[in-house]
Amino acid sequence: MLLAIGVIVWCWGLLSRRPMLRRQGKQKGRCCVLFSDLEVFLLRPPTPSASPPAFTPMNELNAEGNATSSATESHSLANGHYQPVTGEEALDTRGPDDWTHSVVDPPRTLDCCSSSEDCSKEKLDERLSLNSCTDSGVRTPLCRICFQGPEQGELLSPCRCSGSVRCTHEPCLIKWISERGSWSCELCYYKYQVIAISTKNPLQWQAISLTVIEKVQIAAAVLGSLFLIASISWLVWSSLSPSAKWQRQDLLFQICYAMYGFMDLVCIALIVHEGPSVFRIFNRWQAVNQQWKVLNYDKVKDNEDHQKTGATFRTLSLPLTHRMGQSGPEGEPSTSTSSLMAAAAAAAAGTVTPTTNSVPPAAGATTEPQDSSEPSNGQPSLPDHHCAYNILHLLSHLRQQEPRGQTSNSNRELVMRVTTV
């Protein structure tokens with residue numbers, strides 16, 4: 001009995017000693033790892049500061065790491081117990097020669113890649129500069145719409161714009177007009193001089209892109225026009241036809257007449273409101289489905305048109321000026337006329353509330369009216385101030401002219417308020 005109990009206790013002691021040994025071995029291994037890490041951290045050779053560490057190929061690093069790890073594992077197994085090897089220990093096992101050999105020059109592949117990218121950018125810049133500049137160093141004209149040169153087609157200058165926005169290709173301009181729906185330049189507001197050559201074949205007509213609002217505008221204009229035509233035709237027939245005599249006498253039809261008249265007014269207002277938008281859409285469609293010839297900007301013709309419009313304005317304002325200048329029987333301006341002319345001159349100078357005294361002319365002094373078409377002393381002529389001039393002219397006609405006898409006896413003061421627009 002005692003022998004059996006002793007055997008059991010001895011077996012129990014053996015079984016309990018093995019976990020203790022294992023725990024002691026684990027603790028000992030951890031302490032060794034900690035001390036080895038501290039040794040590597042404190043005693044490892046410093047990295048050279050002359051050149052930055054290079055990126056060695058991954059296959060070489062893996063081979064060296066595997067070799068060092070296998071060597072350390074075999075050494076630990078030879079000592080009788082297994083000790084895990086960390087990466088820092090593997091690095092510590094490498095000698096100083098290995099550290100010096102690991103620091104190599106940077107790979108040339110990165111330099112080649114960066115240099116090739118720089119070369120490609122430089123070549124692209126050179127191509128752009130060659131495309132934009134001629135051999136003489138003068139910048140070649142480019143289309144302001146597609147930014148291409150003369151190799152894409154003939155460049156035109158269709159408006160008053162100058163500089164980099166002067167030239168454009170004819171197809172690009174026609175396409176831009178079809179998108180905007182306007183035949184005028186958006187920068188200088190000059191109307192392009194175009195000639196319609198011919199309309200394309202109906203089989204070649206192209207549809208233009210429309211927004212939802214534009215579709216609604218077209219539908220409203222078309223339906224309003226149809227309703228207006230139908231209602232007006234019915235009203236004309238019912239009011240003039242002898243067979244509709246009984247309709248004109250019926251109260252219900254008279255109410256319908258009033259309703260149709262009101263709806264006709266609404267349709268007319270709708271057509272007037274949506275008409276310009278529909279007209280612009282039609283211009284866009286016409287620009288796409290018709291062949292055009294765009295003309296270059298002619299400065300001489302443009303100046304002639306400006307001169308014609310200026311001459312027309314001056315001819316319209318000349319009779320009014322002569323009426324203001326010649327009011328007396330002997331060509332002498334009256335007091336009201338002279339005061340009005342002085343007020344107009346003050347308004348032209350920027351005076352808001354001019355005050356003039358009508359002084360009678362001295363004996364023997366004569367005044368000659370100046371022609372408004374010729375400016376005096378480099379100042380703009382009187383008809384050019386159209387707003388103030390028209391107001392003063394109306395006031396001069398509304399005011400009664402004074403007799404010549406009364407103007408010599410007393411002086412009257414005329415105060416006028418002129419607002420410049």
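Just so you know, glycine gets a Cβ as well, placed from its N, Cα and C.
Residues or ranges marked as Zn(2+) 1 binding site in Swiss-Prot: Cys143, Cys146, His169, Cys172. The Zn(2+) 2 binding site annotation in Swiss-Prot covers Cys159, Cys161, Cys185, Cys188. What Swiss-Prot records for 65-77, 367-380, 403-412 is compositional bias 'Polar residues'. As annotated by Swiss-Prot, region 'Disordered' applies to 60-79, 319-385, 401-421. Taken from Swiss-Prot, the feature signal peptide applies to 1-16, supported by sequence analysis. Feature annotation from Swiss-Prot assigns transmembrane segment to 218-238, 252-272. Annotated zinc finger per Swiss-Prot: 135-195, in sequence order.
Features recorded in Swiss-Prot, as mapped to the structure shown.
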| residue | record | DSSP class |
| --- | --- | --- |
| Cys143 | Zn(2+) 1 binding site | coil |
| Cys159 | Zn(2+) 2 binding site | coil |
| His169 | Zn(2+) 1 binding site | strand |
| Cys185 | Zn(2+) 2 binding site | coil |
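In the predicted model, the zinc finger (135-195) shows an average pLDDT of 81. Distant neighbours of the transmembrane segment (252-272): 220-221, 224-225, 227-228, 231-232, 234-235, 238; these residues of the same chain sit at least 6 beyond its ends, with a Cβ under 8 Å from one of its Cβ atoms.
Other than the site residues Cys159, Cys161, Cys185, Cys188, same-chain residues with C-beta atoms no more than 8 angstroms from the centre of those residues' C-beta atoms, the Zn(2+) 2 site, are Pro158, Arg160, Val165, Glu186, Leu187, Tyr189, Tyr190, Tyr297. Reported as a whole number, the C-alpha separation between His169 (Zn(2+) 1 binding site) and Cys185 (Zn(2+) 2 binding site) equals 14 Å. Of the listed binding-site residues, namely Cys143, Cys159, Cys161, Cys172, Cys188, the sparsest CB environment within 10 A is found at Cys188. With respect to Cβ neighbours within 10 Å, the binding-site residues Cys146, Cys185 differ, and Cys146 shows the lowest count. Within 8 A of the CB centroid of the Zn(2+) 1 site residues Cys143, Cys146, His169, Cys172, the other residues of that chain are Arg144, Ile145, Phe147, Gln148, Gln152, Gly153, Leu155, Thr168, Pro171, Leu173. Annotated pair Cys188 (Zn(2+) 2 binding site) and Cys146 (Zn(2+) 1 binding site), C-alpha to C-alpha distance, rounded: 19 Å. Cβ neighbour count for His169 (Zn(2+) 1 binding site) (all protein chains, 10 Å cutoff from its Cβ): 23. For the pair formed by Cys159 (Zn(2+) 2 binding site) and Cys172 (Zn(2+) 1 binding site), distance between Cα atoms is given as 14 Å, rounded to the nearest Å. When the Cα of Cys161 (Zn(2+) 2 binding site) is compared against those of the binding-site residues Cys143, Cys146, Cys172, the shortest separation belongs to Cys143.
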